Amino acid sequence: MSKGRLFTSESVTEGHPDKICDAISDSVLDSLLAQDPRSRVAVETLVTTGQVHVVGEVTTSAKEAFADITNTVRHRILEVGYDSSDKGFDGTTCGVNIGIGAQSPDIAQGVDTAHETRVEGAGDPLDLQGAGDQGLMFGYAIKDTPELMPLPIALAHRLARRLTEVRKNGVLDYLRPDGKTQVTVQYDGVTPVRLDTVVLSTQHAEGIDLEGTLTPDIREKVVNTVLSDLNHDSMDTSDFRLLVNPTGKFVLGGPMGDAGLTGRKIIVDTYGGWARHGGGAFSGKDPSKVDRSAAYAMRWVAKNVVAAGLADRVEVQVAYAIGKAAPVGLFVETFGTETVDPAKIEKAITEVFDLRPGAIVRDLDLLRPIYAPTAAYGHFGRTDIDLPWERTDKADALKTAV
């Protein structure tokens, strides 16, 4: 990485149209898992002016929750803050269309009875559950922040959460739910040295003065508050460019301003572009889908490797074949920051972590309604909620294994 490089990451608030869709999909998932932890769920949502469309495939015994999906959708929209057409959407009056079928039996056979059991005669119960699809998933951790996340995305998420907080608690009661944040950081090598630019766009009520009210309020109540809590050793935050609503007024927002879809913010959901991404979205998918559960497991692996002091930053990749339990590949990259032989790190990972889908679900206790809170502000590095894949409970075992 060259000296003086600028790297940028973005986040969005829970009122962004795509994030409304993620929230609805995960709220439906949680409602079904709460009644039937073995529910198979793949739910996609689309929102546009005055309408919500929820489609996908579900196999579940949670009949009450399934029958109540429309109310689940409305409740989540209202919880986000869209309760009036003046804000661009109203969860009470919008149209809600449900088009959900059953999971394909061709897929189910490979998940319910993995290749290892069907063909190879394996007797281990954890060989019974196969991967719900082929695919590759990445996990990453770095010593940039206490939560071991890249600094640009961590800061962008904190700004987005604070933007929502001042709206909901009435500190800036003229704000509306839709909003985006973007952070550009200057690096010396891989060390963040200076905050260069913060871009913040937020929906607001009609008649708010951009220069006289919105910009100073955002600087004082959002940006300065977040930076005062950041306390980063190497990054200078004393002189940065702040751009608030660079287009001018932002009154028309939410689904009235832009249509939204589940799964369109996968870089926001992960590492802000700093690490690679396998391409699979998370929201609306139960943990039999390795797009979600294995990406969580890879973050768990990466964070524990760094927490164990085996490397200052690490990226791990896992890959699966549909219907097979065992991964078909594992790749570990330590970028020259390792403190022991990388081959020993990879071997330790395979000894300490069982990466079969059934084991991931067991070890991270994923058959629970824990997903709706992850739908906005990132799935990784969260400091506001307790997520099992963020724990560093395997660090000592990794140290012993190497």
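Numbers here mean position along the shown chain, with the first residue as 1.
Positions of Cβ are set from backbone N, Cα and C atoms, glycine also.
Per Swiss-Prot, the feature ATP binding site maps to His16, Asp178, Gly179, Lys180, Lys249, Phe250, Asp258, Arg264, Lys265, Ala281, Lys285; the stated evidence is sequence analysis. Taking a C-beta cut-off of under 8 Å and a sequence gap of six or more, Asp258 (ATP binding site) has these contacts in its own chain: Pro17.
Close to Asp18 (Mg(2+) binding site) in the fold, though at least 6 residues off in sequence, lie Val12, Gly260, Leu261, Thr262, Arg264, Lys265, each with a CB less than 8 Å from its CB. Reduced to three states, the DSSP call for Asp18 (Mg(2+) binding site) is helix. Annotation source Swiss-Prot lists Mg(2+) binding site at Asp18.
Under the heading K(+) binding site, Swiss-Prot lists Glu44, citing sequence analysis as support. Counted within 10 Å of its Cβ, the other Cβ atoms near Glu44 (K(+) binding site) come to 21, all protein chains included.
Under the heading L-methionine binding site, Swiss-Prot lists Glu57, Gln103, Asp258, Lys289, citing sequence analysis as support. Around the Cβ of Gln103 (L-methionine binding site), the number of neighbouring Cβ atoms within 10 Å comes to 20.
Non-local neighbours of the region 'Flexible loop' (103-113) in the same chain are 40, 42, 57-59, 128-133, 288, 322-324; each lies 6+ residues outside the stretch with a CB under 8 Å from one of its CB atoms. What Swiss-Prot records for 103-113 is region 'Flexible loop'.
Within the group of binding-site residues (Lys265, Lys285), the Cβ with the highest number of other Cβ atoms inside 10 Å belongs to Lys285. Comparing local CB density within 10 A for the binding-site residues His16, Lys249, Lys289, the maximum falls on His16. Ranked by CA distance from Lys249 (ATP binding site), the binding-site residues Glu44, Glu57, Gln103, Lys289 have Glu44 at the top as the closest. With respect to their backbone Cα atoms, His16 (ATP binding site) and Glu57 (L-methionine binding site) stand 25 Å from each other.
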